[in-house]
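A.B. asks: Take a look at this one; I'll ask things after.
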Amino acid sequence: MSKNSEPSMFHSVIVSPFNWFKMLAKEMHWSFVYGVVAVNGISQGLGGAICKVASDYYWKDVQRVMPSEAQVYQGITTLPWIIKPLWGILTDVLPVAGYRRRPYFIFAGFLGAISMLILWLQSESCTVLALLLLTAGSAAVAISDVTIDACVAQNSISHPSLAADMQSLCGFCSSVGGLLGFSISGLLMHAFSSQGVLGLLSIPAALVFSVGMVLKEVHVPNFAYQKVHHKLSQANRTMWATLKCPEVWRPCIFMYMSLALSLNIQEGMFYWYTDTETGPSFSQGTISFIFSIGSVGSLLGVLLYQNSLKDYPFRCLLFWSQLLSSLTGMLDLILVLRLNLNLGMPDKLFAVIDESVSQMIGRVRWMPILVLSSKLCPSGIEGTFFALLMSIDHSGLLTSSWGGGLLLNILNVTRTEFDNLWLAVLIRNVLRVVPLALLFLVPKSDQHSMILPTNVLMKTEIEENLTVENDTKIKPLLEEA
């Protein structure tokens, strides 16, 4: 297929998703699509949804911690995502057995399966051990995520007009996986308990392991491991030089602030959801249903972005999505104040609407950030730099989580006291508007344009040193030799 025919193929997404998958599989190789499905769809989407419900109940019912503590613990488990550049730089400059990506999928799958099985089998509910195991499981997902992101980033350089489609593929798989995960989480919780359900997450980890066995990539023989330190230094210089570009550091500031100022008070909301005195006393099945419909909203957000919004400029799309994120957050306020009952709308119905709308807007806000990040990656260290950008985003999410935990603690929102929860929701919604003052840092260009200067996009020294001895260029990842 020639590149000139690609634009017409993109519109096939509207007519036939099957043709869209087929086109991506043909352009990138089927194992790339399988990797996205396994990592983004099953490991992160389905597994992440199940883990969210199971871990919420695990901290609440097994470990019996306060909402603010649970919020902090959930933040700690995301720490491996903060050091994503470490995983990224390893995939870029340190091949194992001649491969840059496959061994890291294998390691991630093994780590995830072992940690979840140990958590399942531990007889005593030791908080520190549980936190370590959940963090190890999160590290496994982070490593597989950064490796598949490296594949996406590298293919975004070789197929720039397909960058938005590849991010849509990741988002689509993640949303569908989340929908399935939330749909069955209630049944799994009823059948196995929260600790048993967490143990079942070893199955998605095994699929990640299989990605490393089948992934199509070019073999790099006779790699000079004694030059690893030199290559790491080169990678650091390239990253620093790229970060100093105004086209890079300016949007990074906006992305961090937009995420950090959207304080995460989800644990407070979850404890209130399940409270039998002042809350709506939702059952496990109801919680699962609410989150599953929320995943439908997330999926609709992906489809809306792919079919209608991917041609809009970054600045325009981020402005409206950020503003709508603040406005839709007021639905939580209506629910907590029980104003929905005055409107004759039951808690369950209103919570479903709230979750689905919030997830849809959140996905629409997240998609252009991913596309923008993929276009800021210099050639040769795609995995490392994309991981660096994602670690900045996850630093924002960690700040949001710990800031939300601090806010819940200050307002004295506990396992049984929720009098000030409405105030926490209001403060969160107001802070979501603040990043709009920094929107000028985001480029005005559309999502199909190159953003980095030409000299940065040129093949780097890192990439040159990863070529075979006869100086033949390594072809784009997963492309047929």
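Cβ atoms here come from the backbone N, Cα and C positions, even for glycine.
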A.B. asks: Looking at the candidate ranges 18-40, 317-339, report the one that TrEMBL labels transmembrane segment.
C.D. replies: 317-339
A.B. asks: Hey, which of 104-122, 128-148, 169-191, 285-305, 317-339 has the most Cβ-Cβ pairs under 8 Å against the transmembrane segment (197-215)?
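C.D. replies: Between the stretches 104-122, 128-148, 169-191, 285-305, 317-339, 104-122 has the largest tally.
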A.B. asks: Would you kindly check 104-122, 128-148, 285-305, 317-339 and say which stretch has the most C-beta pairs under 8 angstroms to the transmembrane segment (169-191)?
C.D. replies: 285-305
A.B. asks: Please give the sequence-distant neighbours of the transmembrane segment (317-339): residues at least 6 beyond its ends with Cβ less than 8 Å from one of its Cβ atoms.
C.D. replies: 254, 258, 262, 269, 272, 309, 347, 350-351, 353-354, 357-358, 361-362, 364-365, 368-369, 418, 421-422, 425-426, 428-430, 432-433, 435-436, 439, 442, 447
A.B. asks: For the transmembrane segment (285-305), could you work out the same-chain residues 6 or more beyond its ends whose Cβ comes under 8 Å from its Cβ atoms?
C.D. replies: 49, 52-53, 168, 171-172, 174-176, 178-179, 181-187, 189-190, 270, 273-274, 348, 351-352, 355-364, 367-368
